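Below is one structure, written out as structure tokens; comments come after it.
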């Protein structure tokens, strides 16, 4: 336990002081994106990693959170912080509702069901402009009302620094939630059904209920990220927000980092988002899309040579070093 907490403390200290040294707007924006994607990968990991349910439609919950808080704020004057919680509750409820008929599905069948759900939501957001008196934007998207004299309750800031610390706080929260799940009875149940669902049933585990709990928690926190996205970018484009890009990104980051682990998806988010941004900026003179090819090649390399994720060998090496240091202390 003590060995595992040291890297986390170091990370938190470095993350907390970074804005004191990184004053460039571009670099600060990059750090915010890294934390946002890492946060979302960790949210996905609760159902995709711990529960073993490969969801390719998680962007739907991101969109639900973003649209709920934006509509409540821009059209009804309700604080985005309140809208964030309401959006999370709605997303969690829908995740459970969708999970009831799909909880019996496994592998590719479950993945297809999640794709169908997110695609359906995306089509609705693209084709429907108004639901009664509520404007949801349609294909034009939805703008977040910008206030010139905003307060903290409005979730709007002139500087990027507050956004950085907010998403850092969200990231710490999701890591803590993941840690709690991993060490709880729920985590034991999820591990059992992920490894062998039939054996889990034989042990008396309520498989459907366990899956629904994971889906609800994951959907809730993913929607929280949707509110942050909305308030930070201040524009919602339905095809991008509810489309496959965001969903696939969450899956890739988690797999590369190491699914079904507490820190793996978050580390994968940090590394891959950094690589994606560096390649995008570096290879501007090459044909369009070159950076995506390089990014894809890196993902493929990691999956082939590090099937358990890049955090597995790093963690193993770290424990070896700690063991050697501990043995030396005992000898002294």
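The count begins at 1 with the first shown residue.
Keep in mind that glycine also has a Cβ here, set from the backbone N, Cα and C atoms.
TrEMBL entries are annotated by machine, without manual review.
Same-chain residues lying 6+ beyond the ends of the transmembrane segment (5-22) with a Cβ under 8 Å from its Cβ atoms: 28, 31, 161, 164-165, 168, 172, 175, 263, 318. Residues or ranges marked as transmembrane segment by TrEMBL: 5-22 (among others).
Under the heading transmembrane segment, TrEMBL lists 28-47 (among others).
Summarising the annotation, TrEMBL assigns transmembrane segment to 54-75 (among others).
If you look up TrEMBL, you'll see 81-100 (among others) marked as transmembrane segment.
Sequence-distant contacts of the transmembrane segment (107-128) (same chain, at least 6 residues past either end, Cβ-Cβ under 8 Å): 53-60, 63-64, 67, 98, 136-139, 238-239, 241-244, 247. Annotated transmembrane segment per TrEMBL: 107-128 (among others), in sequence order.
Annotation comment: TrEMBL describes 163-181 (among others) as transmembrane segment.
Annotated transmembrane segment per TrEMBL: 212-230 (among others), in sequence order.
Taken from TrEMBL, the feature transmembrane segment applies to 250-272 (among others). Long-range contacts of the transmembrane segment (250-272) within the same chain, counting only residues at least 6 positions beyond its ends with a Cβ under 8 Å from a Cβ of the stretch, are 8, 34, 37-45, 48-50, 52, 54-56, 58-59, 171, 174-175, 178-179, 182, 191, 194, 295, 298-299, 302-303, 308-312, 314.
Look at TrEMBL and you will find 292-310 (among others) tagged as transmembrane segment.
Counting Cβ pairs closer than 8 Å to the transmembrane segment (163-181), the top stretch among 28-47, 54-75, 212-230, 292-310 is 28-47.
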